[in-house]
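This report concerns only the one structure given below.
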Ligand code: BGC
């Protein structure tokens, strides 16, 4: 395989087009569509954040839950199991039935799940509700980025997809606030879990009025409908350019359009394997570099760092969630300026440094607890606790603008049209499986090698992630989908083979 580190720039085929100058705030139609689709991200974030708080009260209401940590773990992780299934199946729904129907289905399933949880008479019905909600979140996690990316002008595509990630991190922040707000209300957890149906209902109603993705329509031979949508996004010159590109892409994808792409097809072509490897790898590294460890366990981390008060721990975790959301805004601004690759590399470097700081803080602290000699050297002051908190803050500040949005943005844009749903779904599944693995193993690994050791392991993973991005992830900033497709052809077959291959297909099509 040729490793082409500056892939986009290296190809004469990939010169950015002229007149690509739409700004993030200048196209209200696309922004409105993004925010509506982004409600899927809000549900994703809210649901993953709310359960930790709700669980405290569910335990009070159901003795069976209080007595069994297995039931507690099942309540928490069943949504992730649902999301794994939802993301995998959602990719297929996206390709066959379209992005709009996939969103509507996700909403209905989510609403049912929220209501079931809200009314659950026993923990088992509650677990069923969690499964439904997870299915909805899983479908939404693959649909929203793809729907947004396909409506977005290429020069602001990254920022718009990152807006969906802002809705995720915003949703997490909101869930922490809701957890606090409902503590005094009778029926606490039923409200916390049931209230999520409201944004899903809102999204359902708004989506009814939004169009199907223009790219999906075009690929399904509904060209005039696609044109009507594109006319709302582009002025007349740019409109023709976009339609020409769609026509060219449709020619390329002719064979795959005749039948639906299956999951196995992804592994049959070399360029698809390369693209999927890059996309799924990014998703896995997003999770294995520990973001949800930090999110789920930030109160524990803060307490481990020596701050005993519950209130301070909760407050700090609220700050962590707020920083995560604020950092995502920085990502929205940077992703189409710096590019995905550079942003991910900077982000991972900072994540690496902060993980080392966290690790050292915990290692020093445990030495302090067990070794008086070090104590006398003066290492052991309350300063170590703050050192850990600085590591935590630095981690979020570095992760949020880069490794938070980049994997979602890259996965929404690196696959050819016919594969976009299936591959996006499979790599979102990788994200959810990795998320589950990290959540289920973090505390056991801490028991085995200590907190410091665990963060050192995660730091090691961050080094691998840096190498991975450097080697396998091409820059896709500002490129059209068709230009991105050519990157994979070049990587798979070399630049000459790729261009002669496409002209061959073009000739076949014309003939
Ligand atoms: C990830 C989530 C994570 C969130 C918080 C997202 O990009 O996919 O798993 O909880 O960011 O930063």
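Here the Cβ of each residue, glycine as well, is placed from N, Cα and C on the backbone.
All TrEMBL annotations are machine predictions without curation.
Taken from TrEMBL, the feature transmembrane segment covers 29-58 (among others).
Positions annotated as domain 'Major facilitator superfamily (MFS) profile' by TrEMBL: 33-477.
Within the chain carrying the transmembrane segment (70-92), a Cβ under 8 angstroms from the stretch's Cβ atoms is held by residues 47-48, 51-52, 55, 58-59, 64, 102, 106, 109, 113, 123, 126-127, 130-143, 260, 263, 421-426, 428-429, 431-433, 435-436, 439-440, all 6 or more beyond its ends. Residues or ranges marked as transmembrane segment in TrEMBL: 70-92 (among others).
Residues or ranges marked as transmembrane segment by TrEMBL: 104-125 (among others).
The annotation transmembrane segment is assigned in TrEMBL to 131-149 (among others).
TrEMBL lists 161-182 (among others) with the feature transmembrane segment.
What TrEMBL lists as transmembrane segment is 188-210 (among others).
For the transmembrane segment (274-297), the list of distant contacts is 1, 48-49, 52, 172, 266-267, 320-321, 324, 344, 348, 351, 355, 392, 395-396, 399, 403-404, 406-407, 410-411, 414-415, 419, 423-424, 426-428, 430-431, 434-435, 437-439, 442-443, 455, 458, 461-462, 464-465, 468-469, 472-474, 488, 491-492: same-chain residues at least six beyond its ends, Cβ to Cβ under 8 Å. Annotation source TrEMBL lists transmembrane segment at 274-297 (among others).
Only residues 6 or more beyond the boundaries of the transmembrane segment (312-336), in the same chain, are considered here, and those with a CB under 8 A from a CB of the stretch are 24, 49, 155-159, 162-163, 165-166, 168-170, 172-173, 176-177, 180, 294-295, 298-300, 302-303, 343, 389, 392-393, 396-397, 399-402, 404-406, 409, 477-478. TrEMBL lists 312-336 (among others) with the feature transmembrane segment.
For 343-364 (among others), the entry in TrEMBL reads transmembrane segment.
Residues annotated as transmembrane segment in TrEMBL: 384-410 (among others).
Within its own chain, the transmembrane segment (422-443) is flanked in space by residues 73, 76-77, 80-81, 83-84, 87-92, 94-95, 138, 141-142, 145-146, 261-263, 265-266, 272, 275-276, 279-280, 282-284, 286-288, 290, 292-293, 296-297, 407, 411-412, 415, 454, which lie at least six positions past its ends and keep a Cβ under 8 Å from the stretch. Residues or ranges marked as transmembrane segment by TrEMBL: 422-443 (among others).
Residues annotated as transmembrane segment in TrEMBL: 455-473 (among others).
For the transmembrane segment (384-410), the most Cβ-contacting stretch among 29-58, 131-149, 161-182, 188-210, 343-364 is 343-364 (pairs under 8 Å). Here the listed stretches are 29-58, 104-125, 188-210, 455-473, and the one with the most C-beta pairs under 8 angstroms to the transmembrane segment (161-182) is 29-58. Remote same-chain residues near the transmembrane segment (104-125) are listed as 40, 43, 58, 62, 64-65, 71, 75, 82, 86, 90, 93, 97, 131-137, 139-140, 143, 190-191, 193-197, 200-201, 203-204, 207-208 (criterion: CB distance under 8 Å, separation of at least six residues from the stretch ends). Contact between the transmembrane segment (131-149) and the transmembrane segment (455-473) does not hold: fewer than three of their C-beta pairs are under 8 Å, each pair 6 or more apart in sequence. Nonlocal intrachain contacts for the transmembrane segment (455-473), taken as residues 6+ away from its ends with a CB within less than 8 angstroms of a stretch CB, comprise 3, 5, 274, 277-278, 281-282, 285, 288-290, 293, 340-341, 344-345, 348-349, 351-352, 355-356, 358-359, 362-363, 403, 410, 445, 449. Panel annotation: around the transmembrane segment (29-58), residues 65, 72, 75-76, 79, 103, 106, 110, 123, 126, 130, 133-134, 136-137, 140-141, 143-144, 147-148, 151-153, 156, 160, 163-176, 178-180, 188-189, 192-193, 196, 199-200, 202-203, 206-207, 210, 232-233, 292, 295-296, 321 of the same chain, lying at least six beyond its termini, place a Cβ under 8 Å from a Cβ of the stretch.
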